[in-house]
Amino acid sequence: MAHTNESMVSEFVLLGLSNSWGLQLFFFAIFSIVYVTSVLGNVLIIVIISFDSHLNSPMYFLLSNLSFIDICQSNFATPKMLVDFFIERKTISFEGCMAQIFVLHSFVGSEMMLLVAMAYDRFIAICKPLHYSTIMNRRLCVIFVSISWAVGVLHSVSHLAFTVDLPFCGPNEVDSFFCDLPLVIELACMDTYEMEIMTLTNSGLISLSCFLALIISYTIILIGVRCRSSSGSSKALSTLTAHITVVILFFGPCIYFYIWPFSRLPVDKFLSVFYTVCTPLLNPIIYSLRNEDVKAAMWKLRNRHVNSWKN
């Protein structure tokens, strides 16, 4: 390992969500359903958008990339958590812990930026509809996605750069089901005040700036929708409602953990479940239930397969 001689810890012990065997079985059943539904739902969205020509638009291109991020985010810690429910001593190697930190912050940072890109797409579609096809071309969408991934990776690397070489000489118990960055930093055998400030500044900057950008964007869009005729605004309002719901449910716990990362309460580990396990499920549920185009494409795909089986 590439850390100092003081760093004697080679693995971390994850305390998980509960020591009760009954609760662990209950959590296993619930989170297994959530995990499978999340992965299959997001895969279904990608498949539908890829094969339905009516969904060949910038909004759905960005949505398919959001689904891909959610699939990746579903797999960074949830499978291990499900296995750990049946293991008495839940451990993770130092390298595995650092990998979890890197993957989580990469995907979270990327998703934040992608949500901003989707808000911009809706702004152009509703407030400047005549220029939509000119502005929101394929090249710009690829640039948006590339920037989202670049920001996510840089955000994660900036965290990992000062975490990987911290001296960990014990204790090594992380009071969560995954390696949460603030909890890991607190285990370092040194004064971590400056590290905590750096984490707060880094995470707070990206989360608050993205959230404020989204709030401003959707406020302008809602004003634009209200100024339009009622007949032309219902579909736009339905799409906006789905987007705003995703933003609120995603950024709510996200800002809580990012702005107050080192002030921990017993309920925090259960909020982290929503943040890491349930958030990837929001995309397929909200977009499939509230988006008429996606629902129509789902039924079309279903009927196509049913007819092919009959023939």
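Every residue gets a Cβ built from N, Cα and C, even glycine.
Among the features that Swiss-Prot reports, disulfide bond is placed at Cys97-Cys189, with the record citing sequence analysis. Counting every protein chain shown, the number of other Cβ atoms lying within 10 Å of the Cβ of Cys97 (disulfide bond) is 25.
What Swiss-Prot records for Asn5 is N-linked glycosylation site, and it gives sequence analysis as the kind of evidence.
The topological domain 'Extracellular' feature in Swiss-Prot is assigned to 1-25 (among others); the stated evidence is sequence analysis. A mean pLDDT of 77 is what the model gives for the topological domain 'Extracellular' (1-25).
Feature annotation from Swiss-Prot assigns topological domain 'Cytoplasmic' to 50-57 (among others); the stated evidence is sequence analysis.
Summarising the annotation, Swiss-Prot assigns topological domain 'Extracellular' to 80-100 (among others). Residues 1, 3, 9-16, 24-25, 27-28, 31-32, 35, 160, 163-164, 168, 174, 177-179, 184, 277 of the same chain sit 6 or more residues outside the topological domain 'Extracellular' (80-100) yet have a Cβ under 8 Å from a Cβ within it.
Taking Cβ pairs closer than 8 Å, the topological domain 'Cytoplasmic' (121-139) reaches residues 58-59, 61-62, 217-218, 220-221, 224-225, 228, 236, 239-240, 243 in its own chain, all 6 or more past its ends. Residues or ranges marked as topological domain 'Cytoplasmic' in Swiss-Prot: 121-139 (among others).
In terms of DSSP secondary structure, the topological domain 'Extracellular' (159-195) contains 13 helix, 2 strand, 22 coil. The feature topological domain 'Extracellular' is assigned by Swiss-Prot to 159-195 (among others).
Feature annotation from Swiss-Prot assigns topological domain 'Cytoplasmic' to 220-235 (among others).
Per Swiss-Prot, the feature topological domain 'Extracellular' maps to 259-269 (among others); the stated evidence is sequence analysis.
Sequence annotations record features per position, and here Swiss-Prot assigns topological domain 'Cytoplasmic' to 290-311 (among others) based on sequence analysis.
Distant neighbours of the transmembrane segment (26-49): 17-18, 55, 60-61, 63-64, 67-68, 70-71, 74-75, 78-79, 81-82, 85-86, 273, 277-278, 280-281, 283-285, 287-288, 294, 297-298, 301; these residues of the same chain sit at least 6 beyond its ends, with a Cβ under 8 Å from one of its Cβ atoms. Look at Swiss-Prot and you will find 26-49 (among others) tagged as transmembrane segment, backed by sequence analysis.
Among the features that Swiss-Prot reports, transmembrane segment is placed at 58-79 (among others), with the record citing sequence analysis.
Per Swiss-Prot, transmembrane segment is recorded for 101-120 (among others).
Summarising the annotation, Swiss-Prot assigns transmembrane segment to 140-158 (among others).
Per Swiss-Prot, transmembrane segment is recorded for 196-219 (among others), and the stated evidence type is sequence analysis. The list of residues near the transmembrane segment (196-219) in space but at least 6 beyond its ends in sequence, with Cβ under 8 angstroms from a Cβ of it, reads 105, 109, 112-113, 115-116, 119-120, 122-123, 151, 155, 158-159, 162, 181-182, 185, 240, 243-244, 247, 251, 254-255, 258-259, 261-262.
Under the heading transmembrane segment, Swiss-Prot lists 236-258 (among others).
The stretches the transmembrane segment (270-289) and the transmembrane segment (140-158) are not in mutual contact, being linked by fewer than three Cβ pairs under 8 Å (pairs 6 or more apart in sequence).
Cys189 (disulfide bond) is surrounded by 15 other CB atoms, counting those within 10 A of its CB over all protein chains shown. Secondary structure by DSSP for the topological domain 'Extracellular' (80-100): 12 helix, 3 strand, 6 coil. Note on the transmembrane segment (101-120): residues 59, 62-63, 65-66, 69-70, 72-73, 76-77, 141, 144-145, 147-149, 151-157, 159-160, 163, 178-179, 181, 184, 203, 206-207, 210, 213-214, 217-218, 221, 243, 246-247, 250-251, 254, 276 of its chain, located 6 or more positions outside it, place their CB under 8 angstroms from a CB of the stretch. Within its own chain, the topological domain 'Extracellular' (159-195) is flanked in space by residues 2-4, 6-9, 11-17, 76-77, 80-81, 84, 90, 92, 94, 96-98, 100-102, 104-105, 202-203, 257, 261-262, 264, 269, 272-273, 276, which lie at least six positions past its ends and keep a Cβ under 8 Å from the stretch. Sequence-distant contacts of the topological domain 'Cytoplasmic' (50-57) (same chain, at least 6 residues past either end, Cβ-Cβ under 8 Å): 64, 293-294, 296-297, 300-301.
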